[in-house]
There are 2 protein chains.
Amino acid sequence: MSRCIDLAKQAADIGEVPVGALIIDSQGQIISQAYNLRESQQVATAHAELIAIEQACKSLSRWRLQDCTLYVTLEPCFMCAGAIILARIPRVVFAAHDPKAGAAGSLAHVLDDSRLNHKCDIVTGVCAEESSVLLKSFFKMRRKK
Amino acid sequence: MSRCIDLAKQAADIGEVPVGALIIDSQGQIISQAYNLRESQQVATAHAELIAIEQACKSLSRWRLQDCTLYVTLEPCFMCAGAIILARIPRVVFAAHDPKAGAAGSLAHVLDDSRLNHKCDIVTGVCAEESSVLLKSFFKMRRKK
């Protein structure tokens, strides 16, 4: 997760909301890593998790990431939680909760919705304070501009 | 929507689940069009709507699609419904409902969730029968193989 925090800091450095994500395989090898690029790319879907999932699929040449774990500094939104389910990722570790848009416990429970054809284990709270402070100081800085 | 059905048929022709999507601007001009490419690309996120949104953002060089309408032959899943909200699309027209994975009325109401910072008008039922028949015959054919 500390590597994810570093990725989030890289996002903040270029004016992006500081969220970082990475995907590892069952051997602990990093398959992909990404941070938010919405403003830089002007693409609405360019969230850290979605980019990391797309890169992992391309890197492994398969859409099922059933042996992978996704780490991310902020609770996934509806889009990213949906993407995690579609990619059959069995385990997600996230740092801070997102009470406004989080779909993995805050507003909804997309990752462990028994009506869907895949469910995902969730670990939360790892580096939560660090991620939260990073996000808060980013938005505070941005309001000052 | 009949153009979307044609796109869905193109997907079926290459062995993809037949779903087609397109995005038009306020003048009725087609900005982007896509169909499912999950199997061809081996990318879990390669749903018609997500590809159409990414292409539209790139084509217009902006992430806010606040003057656009998205047409799709099947009710969006969690990922795609989340992407529609993130892109600030104000209107979605979809054909058939998806009782197993739909997040725009079937399993959830992501497109008109008042807790999110954007809401979207939904029109449904246009060419629903045609889209539904296309999907059913695709899965029937696939089971036979």
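Glycine residues also receive a Cβ, built from the backbone N, Cα and C atoms like all the rest.
As recorded in TrEMBL:
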- B:E49: active site, proton donor (ACT_SITE)
- B:H47, B:C77, B:C80: Zn(2+) binding site (BINDING)
- B:1-107: domain 'CMP/dCMP-type deaminase' (DOMAIN)
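Where TrEMBL records a feature, it is marked here on the structure.
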{"residue": "B:H47", "record": "Zn(2+) binding site", "Cβ neighbours (10 Å)": "28"}
{"residue": "B:E49", "record": "active site, proton donor", "Cβ neighbours (10 Å)": "29"}
{"residue": "B:C77", "record": "Zn(2+) binding site", "Cβ neighbours (10 Å)": "30"}
{"residue": "B:C80", "record": "Zn(2+) binding site", "Cβ neighbours (10 Å)": "37"}
- Query: With DSSP helix as H/G/I and strand as E/B, how many residues of the domain 'CMP/dCMP-type deaminase' (B:1-107) fall in helix, strand and coil?
  - Reply: 38 helix, 24 strand, 45 coil
- Query: For B:E49 (active site, proton donor) and B:C80 (Zn(2+) binding site), what Cα-Cα distance in Å is obtained after rounding to a whole number?
  - Reply: 6
- Here the mean pLDDT of the domain 'CMP/dCMP-type deaminase' (B:1-107) is 97
